Amino acid sequence: MSWLFGIKGSKGEGTGPPLPLPPVQPGGEGSGDGGAGDRPGPKDKWSNFDPTGLERAAKAARELEHSRHAKEALSLAQMQEQTLQLEHQAKLKEYEAAVEQLKGDQIRVQAEERRKTLSEETRQHQARAQYQDKLARQRYEDQLKQQQLLNEENLRKQEESVQKQEALRRATVEREMELRHKNEMLRVEAEARARAKAERENADIIREQIRLKAAEHRQTILESIRTAGTLFGEGFRAFVTDWDKVTATVAGLTLLAVGIYSAKNATSVAGRYIEARLGKPSLVRETSRITVLEALRHPIQVSRRLLSKPQDALEGVVLSPSLEARVRDIAIATRNTKKNKSLYRNVLMYGPPGTGKTLFAKKLALHSGMDYAIMTGGDVAPMGRDGVTAMHKVFDWASTSRRGLLLFVDEADAFLRKRATEKISEDLRATLNAFLHRTGQHSSKFMLVLASNQPEQFDWAINDRIDEMVSFELPQREERERLVRMYFDKYVLKPATEGKQRLKLAQFDYGKKCSEIAQLTEGMSGREISQLAVAWQAMAYASEDGVLTEAMMDARVQDAIQQHRQKMQWLKAEGSQPPTLRTQAE
């Protein structure tokens, strides 16, 4: 069973007994040099070997060799050997396949490396080409710069050459002019010497010629005077001796003087008549009365005004219920007065600014079918001496109205002040007297309406001429809400829905917002609320998208409130009473 241990013996040779194993020595060898017995010596490599397994294997081999199944065991061993060889061959194939796969991976890696190398070479070539292109561009730019510098240098040299040539030409011209001037001076000097010499030589002849010319001129003048005197004398003698000519001449001159004087006065009278009938006085700022010039300029508007029907006196005017009832009674009474051709009553409207006095006066005139004219008291004082004439022209012009005229005097306290206590000029005093003279009696031609913020400054004679006094107070919360809604509809809603203007309105509760604004604007007048609505419209137009938002309205309301407070502070600083407190005191 040598094959069991991997040892090949000769053919037909048996296997002897197993080789004896060397005995195990538990201890060391004898003593040696250096006292070897004192320390342990090196152990043998077979000292820890257990031979039991080998003995069992040898025993099994002997039994197998003497057994009758030795051949089958040998065949089995050979088959196992073949199986091992096949397994080794399979492993070899796997190894070869692994080697081939490794070669394939190496080839793929080499291809990838080659691709990367080519890509890197391409990138390097591109970078080299870009760098070469950059160098070429820089070289081209340098060439252009050099060429530009060369051109500039050539241009500079050409300019210098032209300047030198111009300087040389200028010097040549100056030299030529200098020589010409010298020659001219020499010529003039020579001519002067020659002329002086000739005059010295011909002095007697020249004096004789001058004497003869003077005598001839004197003789001519004397003869002309003598001839003219003779002609005038004979003509006057003939005119005086003929009495018919004298009479006709005197009559003609008299008629000429009368004609010139008559034409001058007739022109003045006609001008005053035309001014009173057709023109507009200088004190009148605004009027609804139609003039010839206005009819020629705006015929369509004039025709619409003539065909328009009387309007409601309180249309567009927001007042408190009590005041509204009172002014409506005044409007009805005025309209009936015009229908019955009776005498008009004079009205005084007083109160803070912006409460609707002027607006109601216009509406009252339109409701009554009358014309209106507006003048301001501040225009009277600057006229000086012409104030009396201008005041008479206003009342003369008002008396010529066929429909009746409502004369509205705004800021009347500016010239209708107290004559006893106020310091007014003589011209203004005379104008006030003329006003009192023309308003001393009621008229069926015009109705006088005065408006003032300080009625206590009126002259007592003015108060005596007032038939009705109406106090316009600041709007309360209900009136303010009506005003806010009216002006919001006029300046915001209508332009946003009807017009073609660039105005849009954001979505929010308009009614609630108007109520909130009316609550916040306490103490404001109707004019201030109107200005607030106009400011909303302006903010919408000023925005980029043209949309009026709730925040924009709130911001403008806060600005208006702050401005109103500032105005009230200024009024208190001046020592005047604010309109709200003044109204409450009254």
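Residue 1 is the first one shown; counting continues down the chain.
Even glycines carry a Cβ here, placed using N, Cα and C.
Note that the structure is a prediction, hence the values are computed from the model and not measured.
The compositional bias 'Gly residues' annotation in Swiss-Prot covers 27-38.
Positions annotated as N-acetylserine by Swiss-Prot: Ser2.
Here Swiss-Prot flags Lys490 (among others) as N6-acetyllysine. In the three-state DSSP classification, Lys490 (N6-acetyllysine) falls within a helix. Within 10 Å of the C-beta of Lys490 (N6-acetyllysine) there are 15 other C-beta atoms, taking all protein chains into account.
Marked as N6-succinyllysine by Swiss-Prot on the basis of similarity to another entry: Lys490.
Counting only same-chain residues at least 6 apart in sequence, none has a Cβ under 8 Å from the Cβ of Lys494 (N6-acetyllysine). Sequence annotations record features per position, and here Swiss-Prot assigns N6-acetyllysine to Lys494 (among others).
Annotation source Swiss-Prot lists N6-acetyllysine at Lys512 (among others), citing similarity to another entry. Look at Lys512 (N6-acetyllysine): DSSP puts it in a helix.
The region 'S100B-binding' annotation in Swiss-Prot covers 289-304.
As annotated by Swiss-Prot, topological domain 'Mitochondrial matrix' applies to 263-586. The topological domain 'Mitochondrial matrix' (263-586) scores a mean pLDDT of 82 in the predicted structure.
Marked as transmembrane segment by Swiss-Prot on the basis of sequence analysis: 246-262.
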Point to revise | Rounded Cα separation (Å) that holds between Lys512 (N6-acetyllysine) and Lys490 (N6-acetyllysine) | key: 17
Revision key, fill the gap. The number of other Cβ atoms within 10 Å of the Cβ of Lys512 (N6-acetyllysine), counted over all protein chains shown, is 9
